[in-house]
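For reference, the structure discussed in these notes is given below.
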């Protein structure tokens, strides 16, 4: 019996490394059922060690891990990053490395060492950006049993961090790793052992995804107005989605090209079929932006630094109900207001343009008593005119409104009751109710082509719809909940859709393909409150709740400018029509700022940021600031006559 026991122990000792690696793999991917089944088979195989098998396996796993390696690896890499000239970009690696080293120690029940690692290396550079996560991380540091019960830590283990590096920074990191591999105890006093190098590379390969920008590292390129340079903060994306992110070249033009994929197979008959209104063939198929329907474009004033637009401000006052959202039609003739009481008010901004509707049956009942043979009825007797219309249909608060951009006869409304309604602005009634989201609707946006619209919700889903179908034809993302999505906006060519997420990032989707995430813009420190594409489709402007504004280069996924003037949340962003040389931004701090977008891009291209001082930048970039007495601005929009309409709300 002793000989058999010795043979079993010798056999276990021979295959112990493989067993340890397999158990580590099962624990890493949270395969609890497979792990328990494997342990049960090991127990049945080693009957003589049945009582101590579980503890021996745990001890073997723990003994195979050198706790000191975790401290050495993190301190070694952090010293390299802080001494590197590219630390602004390389500092992104510290947060994911810290998180996964911490979770590894916690997973193997090194509670005391885990807390010591936290106190020693939690750094202020990324602690302020992820303070909420660190507060939750402290709660699970008492036991490894809480590791997979926490939703956030489970998301970290099933996701990959998305980082963006320039080519020079990536080469610097690669040279550092190659240099570290060649170091030995004889060559240098500070070196990494093979196990430490393996630990570092395993985290890089398993939990980090790097997008390499072919351009050279030039941190001073960004045009800054009263802002300081700050390190980027990494974001983590679900593994299924991170593997599908496309870094292909985007088509940001306004007119179709023959070289576009899928356009060569598209016949002119399909385009004519779409123009006739038959949308059932395929979605979406149009990839161009229609020009304004006017025969005399030369009479429209060209706006620029020397010809600023006129601003017409409308103030909403004495409202008996709470106003949640405001929107203007494209021709700036109609104003839609969504209330907390589930009502929608449509107002005509021009007193001469009345809103027509059919009179009620009670008012028309007297016509039935009269004989109509010899009686010529006046058509005006059937029609009722007024400057306001109320739309009733939702059962809860209205959160978002959107006018159809082409014919402007339809209005979309999103509500807290998780439904979207399509209203006809001639008969003033609801046509369709769209139901897909299971939480309140936060934003709705029409595509420039008109018949396609997008919706986003607290449930973390983006749905793409056509007005003639009650079911969406696209749902982003495919893997499920990713946090609330606050804003959606279409690209001018209707090929792409930008969405603002709760983790302060902006995702760009290619709606021609299913679940095609093509860009992730990361740079804001607060919640994003407004998005807008430039008329030429090359740039994207985003504003957040602290008043910061970022101008993005969509093609290269680069930040062109950081503008910080407003003290409160950015409520609306608009470009000057046609040319897009002017950028107008409204805020709830009762101001509208006007920026020279042409000069911003020119300075960025010429890389003159270092030689610019604050006064020079203010004269060239910031053209003017329009202030109201005490009226927060909630919405701005350009009319066809290049007049800027602004909607404000009194504090009362």
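Positions of Cβ are set from backbone N, Cα and C atoms, glycine also.
Taken from TrEMBL as is:
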- 68-182: domain 'TFIID subunit TAF5 NTD2' (DOMAIN)
- 391-425: repeat 'WD' (REPEAT)
- 434-468: repeat 'WD' (REPEAT)
- 478-519: repeat 'WD' (REPEAT)
- 521-562: repeat 'WD' (REPEAT)
- 563-596: repeat 'WD' (REPEAT)
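Confidence over the repeat 'WD' (563-596), given as mean pLDDT on the 0 to 100 scale, stands at 90. Only residues 6 or more beyond the boundaries of the repeat 'WD' (391-425), in the same chain, are considered here, and those with a CB under 8 A from a CB of the stretch are 290, 324-331, 334, 336-346, 431-435, 437-446, 448-450, 453, 455, 457, 465, 467.
For the repeat 'WD' (434-468), the number of residues in each DSSP class (helix H, G, I; strand E, B; coil) is 0 helix, 19 strand, 16 coil. The repeat 'WD' (478-519): residue composition by secondary structure is 0 helix, 22 strand, 20 coil, according to DSSP. For the repeat 'WD' (521-562), the DSSP-based tally of helix, strand and coil residues reads 0 helix, 25 strand, 17 coil.
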